[in-house]
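Visitor: Dropping a structure here in structure tokens format, bear with me for questions.
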């Protein structure tokens, strides 16, 4: 059939994008472990090429350790650390950076091959170039984040950490969306309000992830370890929430405000997800109804993990599970919005004209 002939070149593209999405999800978890083990400042230089190799000799290890000793984190928090202890945190950060390099090559080399083979249409090619540009920007943002903790601070700036994580998941979401748009699937007739609420859910998920990263960067999860109360009340006093000047700094620097915002956003997101699921089921929206239920279920699990992570003062296992399910929730949100979003023919949008013409002659 012409349609299947035209879609054949996209099979390899689908496998490639699926692998990249999986690698980014793994990268987010390794990054989370790097943060939780306080390993992110163990490498004080940014060497995109030569930094691929770790220290191989005793002299190289000693040099790397001496570099770490020059930053405030070592002097104020880890003075007296042994070389073997340094190696533990070094390997986490090195693995995180290596995985970033692997993702870059795993994306760029097949992408160039697909372009050379003429497998990509203009619209798909432009979208993939944009994703590549975001990936390059992410590398720079990663170093910008690390650099914030090398001179005066003992940790990276929490707002830079939040930007770094959010950008990684924007790239992940863009790849998942692009992958789904490669399939030929009709969009059934559903109420416009379902599309609007799905878009609101996805936007709110990104905002919640950003604030979750602020909580992590400030280590605010190790404070106010009660639920549902926080600082002894359901809603803390305005004097405690907004004492910093200018007022907007509280949104980024005030431990209480940041954690309170993260909680309130969670409640709003969960309530909207439940309403969306009920609405989709009542509208007999088919796959969209199932997607809405799955999203609400995953979000409920995520909320429970968040509560237990807080109550137990952020054990690494629970914290990583909380971060992993956040990626799952985001993916389900992307899938739900894409499922409801209008679409053109996948082949027409993603294949080059030459491939479409060849298929039409078959």
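The backbone N, Cα and C atoms fix where each Cβ goes, and this holds for glycine too.
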Visitor: Would you mind telling me which of 51-71, 72-92, 198-218 Swiss-Prot tags as transmembrane segment?
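Guide: Range annotated as transmembrane segment by Swiss-Prot: 198-218.
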Visitor: Would you say the transmembrane segment (198-218) and the transmembrane segment (264-286) are in contact under the rule of three or more C-beta pairs closer than 8 Å, pairs 6 or more apart in sequence?
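Guide: In this chain the transmembrane segment (264-286) contacts the transmembrane segment (198-218) - 3 or more Cβ pairs sit under 8 Å.
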Visitor: I'm a bit unsure how to read this: which one of 102-122, 128-148, 198-218 has the highest number of Cβ pairs shorter than 8 Å with the transmembrane segment (314-334)?
Guide: 198-218
Visitor: Taking DSSP three-state, what's residue 262 (heme binding site) in: helix, strand or coil?
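Guide: For residue 262 (heme binding site) - judged by DSSP and reduced to three states - the answer is helix.
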Visitor: Tell me the Cβ neighbour count for residue 262 (heme binding site), meaning other Cβ atoms within 10 Å of its Cβ, over all protein chains shown.
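Guide: There are 22 such Cβ atoms around residue 262 (heme binding site).
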Visitor: Compile a sequence-ordered list of residues in the same chain as residue 322 (heme binding site), six or more apart from it, whose Cβ lies below 8 A from its Cβ; state 'none' when nothing qualifies.
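Guide: Result: 302, 305, 306, 309.
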